[in-house]
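Single-structure report; data block below.
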2 protein chains.
Amino acid sequence: MQACGLIVEYNPFHNGHVFHIEGSRKATGADCLIAVMSGSFLQRGEPAIIDKFHRTKAALSRGVDIVLELPYLYAVQSSDLFAKGSVQTLHEIGASSICFGSESGDISRFTRAYDVFQQKNSAYQTTLQEKMDLGISFPEASRLAYQEIGLAASGMDLTKPNNILGFSYVKAILDNGLSIDPLTITRTKSDYHDQTITGSIASATSIRRELLKQQNISEAVAVSLPEETTHQLWAYKQEAGVWHSWEDYFHLVHYRVMTMTEQELAAIHGVVEGLENRIKQTARDATSFHEWINKIKTKRYTWTRLQRIFVHILTNTTKTDAAHVQKAATVPYVRLLGMTNTGQTYLNARKKEMNVPLISTLAGGKDSLLTIEERASRAYYSIIPGEKKKFFHQELEPPIMM
Amino acid sequence: MQACGLIVEYNPFHNGHVFHIEGSRKATGADCLIAVMSGSFLQRGEPAIIDKFHRTKAALSRGVDIVLELPYLYAVQSSDLFAKGSVQTLHEIGASSICFGSESGDISRFTRAYDVFQQKNSAYQTTLQEKMDLGISFPEASRLAYQEIGLAASGMDLTKPNNILGFSYVKAILDNGLSIDPLTITRTKSDYHDQTITGSIASATSIRRELLKQQNISEAVAVSLPEETTHQLWAYKQEAGVWHSWEDYFHLVHYRVMTMTEQELAAIHGVVEGLENRIKQTARDATSFHEWINKIKTKRYTWTRLQRIFVHILTNTTKTDAAHVQKAATVPYVRLLGMTNTGQTYLNARKKEMNVPLISTLAGGKDSLLTIEERASRAYYSIIPGEKKKFFHQELEPPIMM
């Protein structure tokens, strides 16, 4: 059986994702589609609007055969580590290709761009460092350095968000010499950052914005979602009483910062260059998460980077924890969240050839990444009013079958 | 000027306290009454129902001339350290006597009991250890050991809660050789642990219970409180939106335990003998603070002891922090919360003779106890909905004058 990997967040799972799934199956002819998905917290440093289990169900209903969870320490990271953890997970599970959506839609441009990048690597590094020394954020400095080394000449427009993401996947595959074929299909219509919904394909950002604002699934949102997502969104809201957003966590992370010592804050992953003082100083006056981040934000510390840092504060993830993945040769395990019958057939055949453990629950895990996973999950569910037991318990149950 | 010291919590300040103040003035003829008061959290491991500033105002309105704050690391401790910090604070501020309410009302019985205790100290220690080895809590083991060495023969009934407290004050004074005269007056009517209110003198426990249950000041409660307390209770509720009780903190301390590593939990002051595992294991199912403590409680770990431990978790107070006071020769500073004109006259004369700093705000404090004080205050106010700034800011303002 041939498997194709997808790198996803499904926050929430929408029609654009269905389009991506169907396009990927067509482009690769794969028998099995494997999605590696961020869990409780996402790459941009935000809590997922509904939990990973409910998102898994939506994905399995519309063409994904296997959903794997990207470990927290890869999921809530800059795009390089995010990409590395994702492609390594797909490699360990035996995917022979990955297929991602991009503005470009032409994989040869990505590989050409990689060649240019390789040849001019030292120029890239120098420019990157120069820009960062000026106080420019990493993503922006990297974009400028790409420009400087003439990556555009490869036909690659690295100002487009999905091209950037795709390039990081290609780079992760080629840097690590993985036997995975990268493929890309053109994303239709909606931009990643689109804020408004028009038509049946809308960006996840615009969908979340509407959902959180209305606390309801409006007509406009409903047409952009598969039926199963609508169902899972309602089911989650009924069970948990909430769709998660950062403001729900403000009181917890604020309490936490208020009672941490400066040394403890400085030990958190991502807190560097005296940022602990800035976070502490701004805490006293903060009355909302939005206001707080706005006060800390600089050219160098972008909103996204700060959000990731605040997720690490919330989940108590330290530099020592993060060191586990920074030098790891590959992911420590592959965690199965859910599968279809096709997915199960694939895994039965694949299991014995795997080089890392395939796990389906957090129970009894002694790997330190699993302890971090558990903390992240606990922190995620902490805002649910009343009894949280059944939510924690999902982490101990067998994978979802659909 | 002669000053008499009172050791208090005023949670809240009630008619029994007024009786104690007037009795103390009569018994000592002191020109100035100085109360050393627990701040945000109390000796039994509970948050104060309203903050220390509002309690200070109530006390100053009815005969106390100076209110000092007992540092957190003495306030939220077993009675021995609580008593030691209190009498040392009063000694540093120059009180020549202390006056406490007791069931006994006869100071000679306390000093006789201390003599017996001194003579039979090794027998006391042996019995104490034996009882504790059987899994009996410290307070109960100590009571049994007092019985065994025949302390009752001194005429002292150490089954009565206020006699026990008073004995710990007398012991702290005599153990440390302080030049303070201990005096006692008989407590009228209500027992410390009384749960119901009858008449104008009611226990603080029964008053709090009623206040928290009704979320209102009932007629029965009102008659047990000085007018200024009623006023301060309402003012606080208007400003902060809450009268504090443990359940308000459940979501914070639960989140905290859920995201702490076992090592971090084991580093908290009071967490010994593998208690971290028990706290972690019971956390998953806990749906309220009351239920949680009930699940952890054993003969050895009494409710009060566990509550103190949970305050230390909430305020992030570690064994390293606690070590600051365990071997300290005296208190590191004296903190002034408020005073009357008489109090100010007394302090002006006294100030230059003091051996430790007299401070009135937490601003710029570099003493590590002040950092802990700040954390305790931040944790205390964390449950206030919305803007907390003005509450934190009280810690930086000049002392209350009344």
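Even glycines carry a Cβ here, placed using N, Cα and C.
Residues or ranges marked as ATP binding site by TrEMBL: A:7-20, A:GLY101, A:ASN162, A:ARG187. Look at A:GLY16 (ATP binding site): DSSP puts it in a helix.
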For A:ASN162 (ATP binding site), the three-state class that DSSP assigns: helix
DSSP three-state assignment (helix, strand or coil) for A:TYR10 (ATP binding site): coil
Neighbourhood of A:ILE7 (ATP binding site), C-beta criterion under 8 angstroms, separation at least six: A:ALA35, A:VAL36, A:ALA83, A:SER86, A:VAL87, A:LEU90, A:ILE98, A:PHE100, A:TYR169
Candidates A:TYR10, A:PHE13, A:GLY16, A:PHE19, A:ASN162: member of the binding-site residues with the richest Cβ shell (10 Å): A:PHE13
